[in-house]
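A quick write-up on the structure given underneath.
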Amino acid sequence: MSFFLNSLRGNQEVSQEKLDVAGVQFDAMCSTFNNILSTCLEKCIPHEGFGEPDLTKGEQCCIDRCVAKMHYSNRLIGGFVQTRGFGPENQLRHYSRFVAKEIADDSKK
């Protein structure tokens, strides 16, 4: 976000295309974060009654390991996808219709 608010580049305008890309990146990051949160919560925190207000040492270690593994695998898969040149515009024929619909929906707001 500092890219958009950087005072050193005050004369530079931000294009709508860059804002759209930033929005897609934010949505992807938010989705990844929520996926990590729900997966690690399900795996590491017991569902029965909570005896303590804080996490136990075992729960903390479990969450740390879980988040590290999820982050590592996400980076590994992302790197693989980038090296293979996979992109929605190449492999997903309906992507351009999706992007056009998203932009149209956003402009109505």
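Including glycine, each Cβ sits where the backbone N, Cα and C put it.
Feature annotations, courtesy of Swiss-Prot:
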DISULFID  C40-C66  disulfide bond
DISULFID  C44-C62  disulfide bond
MOD_RES   S2  N-acetylserine
MOTIF     40-66  motif 'Twin CX3C motif'
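Annotated features, which come from Swiss-Prot, shown on the structure.
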{"residue": "C40", "record": "disulfide bond", "CB count, 10 Å": "19"}
{"residue": "C44", "record": "disulfide bond", "CB count, 10 Å": "19"}
{"residue": "C62", "record": "disulfide bond", "CB count, 10 Å": "16"}
{"residue": "C66", "record": "disulfide bond", "CB count, 10 Å": "17"}
When the motif 'Twin CX3C motif' (40-66) is classified with DSSP, how many of its residues are helical, how many are strand and how many are coil? 15 helix, 0 strand, 12 coil
